Amino acid sequence: MSGIDKVGRRALLGGLAATAGMATLTGRALAQDPGAVTREPALVPVAVSTPTEPTPPDPGRALARLLAGNQRFVSGHLRHPHQTAADLHEVAAGQHPFAIVLGCADSRVPPEVLFDQGLGDLFDNRVAGNIADDLLLGSIEFAVEEFGPRLILVLGHERCGAVSATFAALDSGQPAPGHIGTIVTALRPVLEPLRTAPDRVEAGVRASVRATVTALTADSEILAERVHSGELGIVGARYDLDTGRVTILP
Ligand SMILES: [Zn+2]
């Protein structure tokens, strides 16, 4: 484990401690809101106009906000926040996303939907296999410098096609067509050692998320400094295609 990685884990542990507290608060708040408990799962999405919430003060509370949204998604108690015309006009004047998501481009894993967020909430970076190459890293650094979000969430998902395709290319020994080889080249160092592992696609998804989490601070001084100071947290997670649930990876 690198020194930077240790710092990252320490910062994250602090954040997660705050998360545990927030999860309790969120649960109480929901229990005190009869509407949140008795509302039926929304068959027709109804957007609600809610004031843009301030950026959470620390990574733990940013993560708690995301996970609370995922819990609403899983339970069917969606709020569809920040999706009205009024919200559109508010964020047109300026954005303050509280989290950055680096996720797979897979059509079944749209962050705003599965975290029940809206306009201006998340700064999305999506590419097959949730890889952080130089272009993605520049995009993330730009958002961190410009908007001061508290959290970067690297989101892999069950049965990722980019992982499967990379294993297939490694098995065949044939180059992938066109620019698809770029994905294979990027994922190869992480996936090669797992070619004979049981349930290798699942193992590969988790390994690639962890590798990306490590790379973000190892390859970026901007991110490493903010993680070190505690103002930014970086966490890896896995999305379950069957249940809709996001699980934080240890
Ligand atoms: Zn994928």
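Every residue gets a Cβ built from N, Cα and C, even glycine.
Just so you know, TrEMBL annotations are computer predictions that nobody has curated.
These come from TrEMBL:
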type	residues	note
BINDING	Cys104, Asp106, His157, Cys160	Zn(2+) binding site
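Take the mean position of the Cβ atoms of Cys104, Asp106, His157, Cys160, the recorded Zn(2+) site; other residues of that chain with a Cβ within 8 Å of it are Gly103, Ala105, Arg108, Val109, Ala128, Gly129, Asn130, Leu155, Gly156, Glu158, Arg159, Gly161, Ala162, Val205, Tyr239.
Around Cys160 (Zn(2+) binding site), the same-chain residues six or more apart in sequence whose CB sits under 8 Å from its CB are Cys104, Asp106, Gly129, Val201, Gly204, Val205, Ser208, listed in sequence order. Other Cβ atoms within 10 Å of the Cβ of His157 (Zn(2+) binding site), summed over all protein chains shown, number 23. Secondary structure at Cys104 (Zn(2+) binding site), taken from DSSP and collapsed to helix, strand or coil, is coil.
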